[in-house]
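Quick notes on the structure that follows.
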Amino acid sequence: MVGKLNPTRFIFVTGGVVSSLGKGLAAASIGALLQARGFSVRLRKLDPYLNVDPGTMSPAQHGEVFVTSDGGETDLDLGHYERFTGVMKTRADNVTAGKIYHELIVKERRGDYLGQTVQVIPHVIDLIISCILHNDAGADFVICEIGGTVGDIESQPFLEAIRQVSYRLSKNLTIFVHLTLVPYIGAVGELKTKPTQHSVKELSSLGIQPDIVLYRSRAQLPQYQCAKIANFCNVAEDNIIAALDVSNIYMLPVMYHEHRLDTQILKHFDVDSPEPDLTQWENVLRMSETASDRIVIAIVGKYVTSLDAYTSLEEALRHAGLHSGIRVEIKWVDARLPASEIDLTDADAILIPGGFGDNGIGTKICAIEYARVNNIPMLGICLGMQLAVIEFALNVAGIEDANSTEFKSDCKNPVVCELPGLQVGDEYKMGGSMRLGSYTCNLAPGSRIMSIYDSSTVVERRRHRYGINPEYRDVLSKCGLAFTGAAEDRDLPEVLELPDHPWFIGVQFHPEFQSTPFKSHPLFLSFVTSTLQVKKASSRS
């Protein structure tokens, strides 16, 4: 959408008291509401950690790595941004302190700062500001979420940068939205506003006066407590807005609109607009209430103890359930447990997600064998596809010591191997060295995968260093494993099927990154609907 406003307005979303309050979802909801009023938006995440990107961070600690179309390994909040607004993110939309310092050192070594003493102020701050102001899409609103919590040492350069942006652009082109926690103290049965007051005081000490305070709470505050926050935080009472706990994140845009968040933002900017068209959000909420059938999908992974490790995957299954009228329940199965200790008997389908390393591989392979032998629908994604090949090679094709060189570098039959051409030079580089971003996959005529996509080609996102060894394609095919999708740019099998199985598909790419609540991804939709069909057929037999 072409921008209507000139110049662009900037919205900065900060957080206080504790982390994980939902700043990313608040920013995404603001973007969705402004879109619903006809404006164009661009969302960015500013992360204060010193990693260049989250690509080498453990999902158990940081959550999933969301891969952008241009190959960026980014924070999971960018996934929320894409799903809520439909605006494709790029690697430039995730700015980390590590990325800033890396660029700074490169510039210093190149002589760009010749004669100067390179310091946090102005050099680091100026680089952050240039990332914030970069708006090549000409959006009406740029929404920047600042990671971390106000008071953290590492976030101070980013807070100083947004303070300077507000000073340089003038107040009527910027707005500060601060999300805090209003905890409920069960012993006295009260909601407490003091942490919010202290958080705003901390932010104000850094030169930033919030214009809107969003308070995360289990219940809406009475008027007198909102007035108390307004008085002690120097914020208009109309701008003290509830960010209530919800059972469904897709309720948030409608809830925030009901609480007048978008109205107050536009009032601050003195911008007129029609009321938002929230029809698509209301439709999503309506669909979420109409599910009649139920299925259980077991996700067998090694990061299942972290709620954020498989965010996009969980949302993609939810989208498929919304658009099929099926209630999808996820059973999390810890692959780090021995295979003898996991129970899949109540699972209607099995999903093996992506991952790295050999921890939990044996249990995942046993789960794949269980699905294959018992005609249970199975979807393998990235590593899940590779393990499906290993399982088939060992147990059906009888290939001795079939394995991946990721797990056993000297195996006799490397049916999965490292992709050539990913390493340049003698030094082994872990970060950013994989096959990343969107590539085209050609689908075989007459295959199940082609009928699912209703197309002979598909563009999906990748994040992998290992792939199926094409030298074993023929021998595996002769034993009944059909390779029905191949990379357009290299000799690399990317889709497999078992033709005689009710639904058994492996894909090397990550389809979950392109599913939205408004348009379920066809692969997940087929997986969910076919699972219900198989369940009903087995119950009749």
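Along the chain as shown, residues are numbered 1 onward.
Using N, Cα and C of the backbone, Cβ positions are placed for all residues, glycine too.
Binding of CTP is annotated in Swiss-Prot for SER19, ASP152, ILE153, GLU154, LYS192, THR193, LYS194, PRO195, THR196, GLN197; the matching candidate from LYS99, LYS107, LYS228 at the same site is LYS228. Among the candidates ARG448, ARG461, ARG462, ARG465, the residue that Swiss-Prot annotates alongside GLY355, LEU383, GLY384, MET385, GLN386, GLU406 as binding L-glutamine is ARG465. Of the residues ASP75, ASP77, ASP93, Swiss-Prot places ASP77 in the same ATP site as SER20, LEU21, GLY22, LYS23, GLY24, LEU25.
Mean pLDDT for the region 'Amidoligase domain' (1-271) in the predicted structure: 95. Secondary structure at GLN197 (UTP binding site), as computed by DSSP, is helix. The number of other CB atoms found within 10 A of the CB of THR196 (UTP binding site), across every protein chain shown, is 29. Proximity of LYS192 (UTP binding site) to non-local residues of its own chain (separation of 6 or more, Cβ distance below 8 Å) is seen for VAL182, PRO183, TYR184, ILE185, given in sequence order. For PRO195 (UTP binding site), the nearest of the active-site residues CYS382, HIS510, GLU512 in terms of C-alpha separation is GLU512. For the active-site residues CYS382, HIS510, GLU512, a Cα to Cα distance of within 10 angstroms from THR196 (UTP binding site) holds for none. Calculated from their C-alpha atoms, the gap between SER19 (UTP binding site) and GLU512 (active site) amounts to 26 Å.
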